[in-house]
Each structure stands twice: as C-alpha cells, then as structure tokens.
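Below: the structure, in structure tokens.
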Amino acid sequence: MAQRILVLHGPNLNLLGTREPHIYGSLTLAQIDQGLAALAGQLGVALTSWQSNHEGALVERIQAAAADGTDFIIINAAAYTHTSVAIRDALAAVAIPFIEVHLSNLYKRDSFRQHSYLSDLAIGLITGLGADGYEAALRYAARH
C-alpha cells in the first residue's frame, strides 16, 4: 500500500498568484497542488491536498488524518503558524510526523512572524524556498 501524505494549506493561500507575488511567488495554489500531485505519482505515494481559511476546519482535518491512514503531514499553517495553539495541540494529539513549510523566509519578515507554535513539534522546517519547499518536503516524506 502506498504511503499516504496530506498537504494542508492555511488561510489566504487560496489567493496565491495574486496576493503579494513579490513575497509569495506567482504560482497559484492549484498550480502548486498540480505539481505536487505529479511528483507524488513519480514517487509512488498517495497525496491529498486540502486548504481552509478556518482554524477549526484545519484542526478537524488534522484529527481526521489519525483515522484515515495518513502517514505524514506537510503543513503550511500560514498566519496560524504564529497564533494557533489549537493547531499545535491537534498535531501533537494525532502524533503523525509532519514538516512545516512556508513559501517566504519567516526570518526576513516582521518580528511577529518569526515565532512558530509548530516548529518544535515538526520533523523539520522549510522556509523561504517558495513552492520548491513543498516539493522538498514531499520528497522527504516519501522516503520516511
């Protein structure tokens, strides 16, 4: 059975391609997800990508991952990275290994964006590589 990997996209990532492309790049979320789906096919893993602007919906999807056989999570919690104890607690509760991904380099941004509630629980953190960060995370997840 193929490894099951869940990619979670947080708030405002549905606006990629038009929202501050000088920070987040010009690719849309659909283009990022299409690229990940193609790579997942090459790597022989089952991939589900999911986006929500709502904290509770992200928490519920993380909780559902514990029951649906998800083996690994790749998460860009976006703004919730810096504010959400609920998402942190959900990730801790399900104990599914995860990588935290950010399109922009958090450490070159506003000081309030430089704290993550998730990083100390994550297997790893990829920040500032644009959409390539998702691909790096997927390649790692496929091997572990």
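These residue numbers are counts, starting from 1, taken along the chain as shown.
Quick reminder: no glycine exception, Cβ is built from N, Cα and C everywhere.
Here is what Swiss-Prot records for this protein:
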| type | residues | note |
| --- | --- | --- |
| ACT_SITE | Tyr24 | active site, proton acceptor |
| ACT_SITE | His102 | active site, proton donor |
| BINDING | Asn76, His82, Asp89, Leu103, Ser104, Arg113 | substrate binding site |
| SITE | Arg19 | site 'Transition state stabilizer' |
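Looking at Ser104 (substrate binding site) and Tyr24 (active site, proton acceptor), their Cα atoms lie 6 Å from each other. If you take the CA of the residue listed as 'active site, proton donor' and look 10 A around it, the recorded positions you hit from Arg19, Asn76, His82, Asp89 are Asn76.
Of the recorded residues, His82 (substrate binding site) and Arg19 (site 'Transition state stabilizer') place their C-alpha atoms 19 Å from one another. Of Asn76, Asp89, Leu103, all annotated as binding-site residues, the residue with the shortest Cα distance to Arg19 (site 'Transition state stabilizer') is Leu103.
Under the DSSP three-state reduction, His82 (substrate binding site) is assigned to helix. Counting other CB atoms no more than 10 Å from each candidate's CB, the binding-site residues Asn76, Ser104 peak at Asn76.
Cα of Tyr24 (active site, proton acceptor) to Cα of Leu103 (substrate binding site): a span of 6 Å.
A coil conformation is recorded for Leu103 (substrate binding site) in the three-state DSSP classification, outside any helix or strand. Mapped onto three states, the DSSP output places Arg19 (site 'Transition state stabilizer') in coil.
Taking every protein chain shown into account, Arg19, His82, His102 are the recorded positions, and of these the Cβ with the most other Cβ atoms within 10 Å belongs to His102.
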